[in-house]
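Reviewing the structure listed below.
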């Protein structure tokens, strides 16, 4: 059988692409080296932030606003356990932070609902938070967090129900191109399609070694917290920048555990076995201490943690482009640790590509040619 579309990597973007392409009436094969959702990529750990006033650059705002619409739509499939939780996101940092300046600029340009607070205003609204006098907070009331593993599970189930073929626990070992389209090689045999989407995450270079993507081992952990830090108590998700520039992110507490991670740093790795489990690197358990000690002093000890991987591009902006020389193969990679919130819209973009439809978005900033 020749498919309309083969998806290589069915984690966040791949799961969304499989659903949207199948829903559009295409004959789709989703593949993954493991059984998604799984612990081998970048999507595990239950939750991911979604921010609209984007500190990484205004070019992302149209994408994330469309992503939010799609997340809201997907959440209606799980109303008892919503995929999106509108907790709000407070962005904390020094008043001269470049990241916060970008957040404010994005909010102004796109007329987003963002409230600016000074240090006293932050601590008055959330007494659990402590910040220096020179700090400000930009509170995104319409943002929040996503249930990452639940989202992937939902997409995969919906795609399957719509007739999508799924080949999991089956690594793709090679991609070939010819006049008939794309052929993938797997341990289960060869499969052909008119087009392919490569969204294989951290280990995309195993298939396409020429891509400028660097895997980085990252960790996040859960710390002892009480009901003051919960959504029920209106405690928000957050990003925070320390005076030395280190950047952290976190979520309201659930079941007396608050999840936090450090966005920058990590360990450069070159193979999957180098991503050792949480606590096997000496700094894992204490990585969040500078933020917790200074900003959330009421949080207790580290309960447990996990390791994941970022697929970093050289400039930490996404790569969304066709494979050079092969216009029938779309690459979505280099998401650099801030991609999950965009998974829905990136999946839709992939489905549009498979249908020969022009994207509604300006994807020029994400082309591979910027690295030449």
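Heads up, the Cβ atoms here are built off N, Cα and C, so glycines get one too.
Since this is a predicted model, take the numbers as computed values, not measurements.
Within 10 Å of the C-beta atom of residue 8 (FAD binding site) sit 27 other C-beta atoms, taking all shown protein chains into account. Taken from Swiss-Prot, the feature FAD binding site covers 4-34.
If you look up Swiss-Prot, you'll see 308 marked as S-8alpha-FAD cysteine. For the recorded site, residue 308 (S-8alpha-FAD cysteine), the DSSP three-state label reads strand.
Non-local contacts of residue 32 (FAD binding site) by the CB criterion (under 8 A, 6+ apart in sequence, same chain) comprise 9, 10, 11, 14, 38, 167, 168, 169, 170.
Note: the CA-CA distance between residue 12 (FAD binding site) and residue 308 (S-8alpha-FAD cysteine) rounds to 14 Å. Residue 4 (FAD binding site) sits 32 Å from residue 308 (S-8alpha-FAD cysteine), counting Cα to Cα.
Residue 20 (FAD binding site) sits 26 Å from residue 308 (S-8alpha-FAD cysteine), taking the C-alpha atoms as the reference points. Of all Cβ atoms in the shown protein chains, 28 besides its own fall within 10 Å of the Cβ of residue 28 (FAD binding site). Under the three-state DSSP scheme, residue 28 (FAD binding site) falls in the strand class. A straight line from the CA of residue 308 (S-8alpha-FAD cysteine) to the CA of residue 8 (FAD binding site) spans 19 Å.
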